[in-house]
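Asks: Structure in structure tokens, see below.
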């Protein structure tokens, strides 16, 4: 069977990639990622049971989160690392199984008979009260990449034959991938929430359950949105407690004459470590793409060698990384297949990877040694200037709520007629120029609320302000879509409305990968309706599942700029 992947917006032909991913991943990489997901589901069978009886599941929790994150679009293209993850997963699964069996031996008193029956059932051990055959995901075994390859042929997306069940399972899985990304960042800062892990494991197990109906899976998808809100709130707490609340900031987009390191991705802990280790070395630090919002945090402003932001959204990195001249650190997705001209200057860390690119691992205490990349930078020329000037951002919920009286007054007086949430992702497709044209064409009495790399379609346009309020309010990274939800809920309270959809807020969101999926599900959980997704609807939504979202939540897509603005403003 050839590869099949349709998890991102750029799925070939709007249906799915079957020869090679548009993202650049090979058939072998795609299938190994399928197998990682299958291994994770097997681990979840045991970890959910272990959690129920009070066993420590921290090792499994960590592995599940990191593994889901490693399969997000544009995160990891390193076959060796991915195969090693499969091998490690089988060991984690076996360790959990052994712990449950050991615990069962000491919990077989009369009052624990029902529990004993239950855990024996989970293990596939027959007993007179409860017989259950354990799922293959919990028992299959292999020892080498060739055997992994054979197994991967049988466990891909298309292994689920029913189109609607497949669609719901994948929608749930992609939501979990986005959730895992946000949870990983919170964990790196020492923040965690057991209920989120418990839901992730429950949901993973549910994707293996052939007895679940479409209605039951739909309910789980919506429940995923609830935990999406929880995980974004957790990450918001982790980021702001550690680095302070983002504040209005003018960010330099020019360059200086010192050698520099360009840091891309989302991990603020990596950002902190890099700034600390480069201080006093003569090496400057620049953010790229989704790391731009690091400029808004007070804790990072004390570093004089933190220059600003270089370049634009992830998909332009081939040209921009070449022009930067210095080394690049990829902390998370999005990686584009690197050009030979800068591949030897590229470094990955965390769950990211690319074959032939140097990887920086964390030590046992979680620390990372960036000395190699710093020494590399010293041997490089300073960055080539590709633009100059400043952009403004830092409008997360704390900052916007501090401006609440000004904002509320502008709404009440009619100075601001409508807000447009244009959060989400940027991408390569030319049809995404729609979002630039849309921003330009919006009436002057409207304000754009944004988060994520979608902002690069319009954050350098001169759209002016309304009574001192910029017409583009950038909350931060894609996870900071949480801030936009908090702002909306506060406005609902201030205006004493019963329904969040009564607010003068429209949602025109550009999506690309799986973090956008969890943001969408979170918004649905909060009751937001009539969200428009573009530039196309997800390929993984079957006609029937898409119909459910349209009929129950008013989900739509985009048409032309003029038609859409007319529709939104009426």
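Using the three backbone atoms N, Cα and C, a Cβ is placed for every residue, glycine included.
Sharing the record's features from Swiss-Prot:
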- 5, 8, 17, 23: [4Fe-4S] cluster binding site (BINDING)
- 266, 290, 334, 425, 453, 478, 513, 515: hybrid [4Fe-2O-2S] cluster binding site (BINDING)
- 425: cysteine persulfide (MOD_RES)
Asks: Round to the nearest Å and give the CA-to-CA distance linking residue 23 ([4Fe-4S] cluster binding site) with residue 334 (hybrid [4Fe-2O-2S] cluster binding site).
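Replies: Residue 334 (hybrid [4Fe-2O-2S] cluster binding site) has its Cα 10 Å from the Cα of residue 23 ([4Fe-4S] cluster binding site).
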Asks: Taking the centroid of the Cβ atoms of 266, 290, 334, 425, 453, 478, 513, 515 (hybrid [4Fe-2O-2S] cluster site), which other same-chain residues have Cβ within 8 Å of it?
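Replies: Sorted by sequence, the hits are 289, 314, 333, 452, 477, 512, 516.
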Asks: Counting other Cβ atoms within 10 Å, pick out the least crowded of the binding-site residues 266, 515.
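Replies: Counting other Cβ atoms within 10 Å of each of the binding-site residues 266, 515, the minimum falls on 266.
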Asks: Please report the three-state DSSP label of residue 290 (hybrid [4Fe-2O-2S] cluster binding site).
Replies: helix
Asks: Long-range same-chain neighbours of residue 8 ([4Fe-4S] cluster binding site), Cβ under 8 Å, sequence gap at least 6?
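Replies: Long-range Cβ contacts: 22, 23, 73, 512, 513, 514.
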Asks: Sort out the sequence-distant neighbours of residue 425 (hybrid [4Fe-2O-2S] cluster binding site) for me: same chain, 6+ apart, CB within less than 8 Å of its CB, listed by position.
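Replies: Sequence-distant Cβ neighbours: 9, 452, 453, 454, 478, 510, 511, 512, 513, 515, 516.
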Asks: Determine, using Cα-Cα distances only, which of these binding-site residues is closest to residue 17 ([4Fe-4S] cluster binding site): 266, 290, 334.
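Replies: In terms of Cα distance, residue 17 ([4Fe-4S] cluster binding site) lies closest to 334.
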Asks: How far is it from residue 5 ([4Fe-4S] cluster binding site) to residue 290 (hybrid [4Fe-2O-2S] cluster binding site), counting Cα to Cα, in Å?
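Replies: The separation of the Cα atoms works out to 24 Å.
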Asks: Return one of helix, strand or coil for residue 453 (hybrid [4Fe-2O-2S] cluster binding site), based on DSSP.
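Replies: Helix, per DSSP.
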Asks: Starting from the Cβ centroid of 5, 8, 17, 23, the recorded [4Fe-4S] cluster site, name every other residue in that chain with its Cβ within 8 Å, sequence order please.
Replies: 6, 7, 10, 11, 12, 16, 21, 22, 25, 30, 73
Asks: Only counting partners 6 or more residues apart, tell me which same-chain residues put their Cβ under 8 Å from the Cβ of residue 334 (hybrid [4Fe-2O-2S] cluster binding site).
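Replies: Residue 334 (hybrid [4Fe-2O-2S] cluster binding site) has long-range Cβ partners 73, 74, 75, 289, 290, 314, 315, 513.
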Asks: How many other Cβ atoms are found within 10 Å of the Cβ atom of residue 478 (hybrid [4Fe-2O-2S] cluster binding site), counting all protein chains shown?
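Replies: A count of 28.
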